[in-house]
Amino acid sequence: MKFDDVLKYLGEFGLYQKRIYFLVCLPALANGLFIILTVFILAIPEHRCAVPSLSNDTYAIQGSWHEYLINQSIPSSKDGWSKCTIYNYTEDGNKTEVKCNKWVYDKSQYDNTFMSELNLVCGKEIYRSHSNLAMFGGKVFGAIALGMVSDLLGRKKTLMICLFIKITSGIGLAFATNIVSFLVCRFLVGFSSITCFLTAYVIGMELVGPSKRKYAGNFIMLAWATGLFLLGLLAYFIRDWKNLTLVTSVPNILFVSFWWLLPESPRWLLSKGRYKEAEEIIRKAAKVNQVDLPEKLFDKSSLETTVDAKISQMFTTPRLVAMSLIVFFNWFVASVTYYGLTLNVTNLSGDIYLNFTIGNIAETIAYILCIILLDRLGRKVLHCSVMLIGGLACLGTMFPVIYGDESHLWITTALSTIGKLAISAAFASIYIFTAELFPTTLRNTALGSSSTCSQFGGMISPYVADLGIIVGGDLQTALPLILFGSICVTVGLLSLFLPETLNQKLPESVEDIKSLRRYCIHTHH
């Protein structure tokens, strides 16, 4: 029997699969903590130069004498005291401005962060973007290396190797004392997070029957969002970056138990000709699900021998070329904007912990809306609308920034949150949309290369989010959002050229794509 037929006997999402699936969601939850951790540990608190004559200077004003000393020592402007210069008095009583080399930081939101501990301010802020780049670079390498390693060693061994790297690099991160060791650890965190997540995801999804996969795919997104809520909560109570890093890394040791709790992937065992082992796993599952299986399950004909096509085949017909490029651009934009808005939360006005949590609530709503609306509206309508809504919301932030004053800052935060909701929905829908647009032979290749495009988007996103700091001035808050907005609107309009895939048979070959229609045809079942 073919593997998907065996799943029909077994039940598409029986008790056994539910158990495994629950376990598989936990690494996704841990990833939310691990990858977005930089929002807090790389935050740059409010700061100014330290008063040279004071050994115990603090950012908070200790009294009028303190304020007098600060005014004598540090230049001030409408934005407060200078962050990078102090007065240097010459012997004849004239004063000149010179760069300072000691700073004091505002302790109201963080006790300390990696940025404040190493004084990565005054032109060194770019290291924050480099650190995020290192992590996304790790994710790109991880996604590429994973395919080769997990086909050789099997899913479970791969998972254990990645876990080991994840635990060591996470704990190592907390003890990083310079920028190089920090970047190396972040690279390894990115590498191991994506590989742990994808390996576990594959083990879980392979056991889910075809008709239940959409729900399974979206619930794992909810697990990621739960991780973000947990991160906000932990960060609120643990204001020291080292302790926060340890608290998010050490619990990963519990995942070592997966060696005993998760089965090896039966599809992988079949592909290696290990029919007996694959059958044992399926029979065990049948026992848990309380179903009876036929005597003989697997032999040489069981495995669908589909050869994954080469990436060049995605560019064979003009229609495929257009489709592939639009899809790649969609993934790239979804990722730039999603991570950009998440990282940009530190540049918004108001309390960071509150803003972060509001963003997560928006994201959770987005995933639930996707589950409800993907079948009602169709993939294309939903995807184009959320891209356009998200883009327009981000573009709208120009107005309160240019025409408003301090009292209008909440509008920027609100629009940024609408953007986050829309782009989270776009991320969830493009996943399913891509899987249905490309034929079976190209499906894995298409998802793999799309995912790589999205990682490149992630690599650029920190630089876009930090553009405001580099430019400064009135545009500081709005500039990143204007850029995110314009690319979202562009890609939303381009997506109108894609065919609708709702209620259509999944294309099996490149020929089948020609029959996908641009407009939704409602078939009554």
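The chain as shown is numbered from 1 upward.
Glycine too: its Cβ is placed from the backbone N, Cα and C atoms.
On a predicted model such as this, the values are computed, not experimentally measured, just so you know.
Listed features, source TrEMBL:
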- 20-44: transmembrane segment (TRANSMEM)
- 68-503: domain 'Major facilitator superfamily (MFS) profile' (DOMAIN)
- 158-175: transmembrane segment (TRANSMEM)
- 181-203: transmembrane segment (TRANSMEM)
- 215-238: transmembrane segment (TRANSMEM)
- 244-262: transmembrane segment (TRANSMEM)
- 320-340: transmembrane segment (TRANSMEM)
- 352-374: transmembrane segment (TRANSMEM)
- 381-403: transmembrane segment (TRANSMEM)
- 409-433: transmembrane segment (TRANSMEM)
- 477-498: transmembrane segment (TRANSMEM)
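When the stretches 20-44, 181-203, 244-262, 320-340 are ranked by Cβ pairs under 8 Å to the transmembrane segment (409-433), first place goes to 320-340. Counting C-beta pairs under 8 angstroms (sequence separation of 6 or more), the transmembrane segment (352-374) reaches the transmembrane segment (215-238) with 3 or more such pairs. Two recorded stretches are said to be in contact when at least 3 C-beta pairs lie under 8 angstroms, sequence spacing 6 or more; the transmembrane segment (158-175) and the transmembrane segment (244-262) meet this definition. Listed as Cβ neighbours of the transmembrane segment (320-340) (distance under 8 Å, sequence separation of 6 or more from its ends, same chain) are residues 132, 136, 314, 383, 387, 390, 394, 419-420, 423-424, 426-427, 430, 433-434, 437, 446, 449-451, 453-458, 460-462, 464-465, 480, 484, 487-488, 490-491, 494-495, 497-499, 510, 513.
Mean pLDDT for the domain 'Major facilitator superfamily (MFS) profile' (68-503) in this predicted model: 84.
Note on the transmembrane segment (244-262): residues 20, 23-24, 26-27, 30, 33-34, 37, 40-41, 156, 159-160, 163, 166-167, 170-171, 173-174, 196, 200, 203, 231, 234-235, 238 of its chain, located 6 or more positions outside it, place their CB under 8 angstroms from a CB of the stretch.
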